[in-house]
Amino acid sequence: MAFFLLLNLSTNWIFCIVTDTSNNDIEPPLDPVELSSWRFCSDCKKHEPPRSWHCKICQSCILKRDHHCMYTGCCIGHWNHRYFLMLLVYMTYSSTYVTVLTFKYIWSYKYDEFFNLNTIFKLFCPVSMLVLDSASFLPSCFLLPTCLNA
């Protein structure tokens, strides 16, 4: 189970980072009616598709840009949004798994030493990551239908 979680967590993290989210390969349409819905990006000096936004950190326009993630170091957009959501899912599962195993170990083997500072610190790390993962995962679940339908 731990290997499965580690494999999925690291794979989604890597794919989230290496997936190109820029609009560099999207050519503007030749039809003037379709081109009217495109905007001109003053930073990139080219036309950008509808629902594209320029990222000042990445220095490129991103299709359906959600945010620039500080954990992955790249923009989360149309092409890597699924990897980012699965990264959050597996991070939450992994934190829960580690928390349960840690509690199980402490209660079965270290019951006498449970209330010392070292053990409390060891418990605090996975629990804090679980809380942080849940705090970022739940809003993403509520925003997912909006991102997919908009």
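Just so you know, glycine gets a Cβ as well, placed from its N, Cα and C.
Copied from TrEMBL, the annotated features are:
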type     : residues : note
DOMAIN   : 37-144   : domain 'Palmitoyltransferase DHHC'
SIGNAL   : 1-16     : signal peptide
TRANSMEM : 87-107   : transmembrane segment
TRANSMEM : 119-144  : transmembrane segment
* **Intrachain neighbours beyond the signal peptide (1-16), with Cβ under 8 angstroms and 6 or more residues off its ends** => 69, 72, 74, 76, 80, 83-84, 86-87, 90-91, 93-94, 97
* To do: Mind looking up the mean pLDDT for the domain 'Palmitoyltransferase DHHC' (37-144) in the predicted model?
  => 80
